[in-house]
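TrEMBL has this to say about the protein:
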- 1-21: signal peptide (SIGNAL)
- 52-177: domain 'Corticotropin-releasing factor binding protein N-terminal' (DOMAIN)
- Cys60-Cys81: disulfide bond (DISULFID)
- Cys104-Cys141: disulfide bond (DISULFID)
- Cys183-Cys205: disulfide bond (DISULFID)
- 185-306: domain 'Corticotropin-releasing factor binding protein C-terminal' (DOMAIN)
- Cys237-Cys264: disulfide bond (DISULFID)
- Cys277-Cys318: disulfide bond (DISULFID)
Amino acid sequence: MLSAFQFQCHFVLIFLAASKGETRYLEVRDAGEDEPFLLLSEDLKRELSAGQIYRRSLRCIDMLSIEGLFTFTANQPQLHCATFFIGEPEELITIDYDFVNIDCQGGDFLKVFDGWILKGEKFPSSLDHPLPTSQRYADFCESGNIQRSIRSSQNVAMIFFRIHKPGNGFTVTVKKNANLFPCNVISQTPSGRFTMVIPHQHRNCSFSIIYPVVIKISDLILGHLNGLFLKKPSAGCAGVGDFVELLGGTGLDPSKMFPLADLCHSFHGSAQMKIGCDNTVLRMVSSGKHINRVTFEYHQLDLQETENRKENSIEEFCFPSI
């Protein structure tokens, strides 16, 4: 049975399941079409890599993971619509307005949000994003021709819109840009390996996995300065400016999730943890004084692993939810 959070993220989970050859069909209010979401296969991505421009129409509720030209045309009043964009961890997303025909005075709107927002919960959270929440919105009806190109601060972004009059709509071009130091990330897949580096920056970075997972940290460097490791307190991470925490919960916002473990000592080796929550987040807090780095891998937690709890894990959480 799907949890409430998984139901709210139905388009995310459908997209993620597609990478494993699975599909999930969930009813979407105001979707505008009865067909399942169009999911892009790896074969199609390879074909488009030759320089072809991918084009298609947008649905009222949609998910995109590829560059291209996308058009939405209302065939009836569409009042609650959103398109979610996701890239690889090391990619940023640029959204260009090519054509917009909406009635701002009549109550229509078209907004880009830097990140994702679902049921009032944001990713990245307000604690982890470089901009205040009010500046993360780009409202076409307010900026018009002034701001026709918006770039995200991480590998996810979204547009949400309301269009009353049939025939009105918009066209956007979506592009991907390289991000040398990825910070906040939502994983496209339930398994993978990632190294997060924060080079002398005072910022917090979260890596979100919308699946129950086994996560294994293989390398953690904190407080690295001139080749030396600074001594850390012997107990806990209270008052430490640089540390990593593992979070679990049923929502999207890391700041509203339950803290499962804190790591404030550098180590080389292996620390594994089973987290059966709907959403797992590895979050690095950095003072900006040092170069901090963490390498970890993860894979989806299956039923057999939940029953076998004698492995070398730190602790196990959220198992009643899976």
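Note: Cβ is positioned from N, Cα and C throughout, glycine not excepted.
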With helix taken as DSSP H, G or I, strand as E or B and everything else coil, how many residues of the domain 'Corticotropin-releasing factor binding protein C-terminal' (185-306) land in each class?
7 helix, 70 strand, 45 coil
Residue among disulfide-bonded residues Cys60, Cys81, Cys104, Cys277, Cys318 with Cα closest to the Cα of Cys183 (disulfide bond):
Cys277
Between the C-alpha atoms of Cys237 (disulfide bond) and Cys60 (disulfide bond), the distance in angstrom, to the nearest integer, is 45
In the domain 'Corticotropin-releasing factor binding protein N-terminal' (52-177), how many residues does DSSP call helix, how many strand, and how many coil?
11 helix, 67 strand, 48 coil
Would you count the other C-beta atoms found within 10 angstroms of the C-beta of Cys277 (disulfide bond) for me?
27
Between the C-alpha atoms of Cys60 (disulfide bond) and Cys104 (disulfide bond), the distance in angstrom, to the nearest integer, is 18
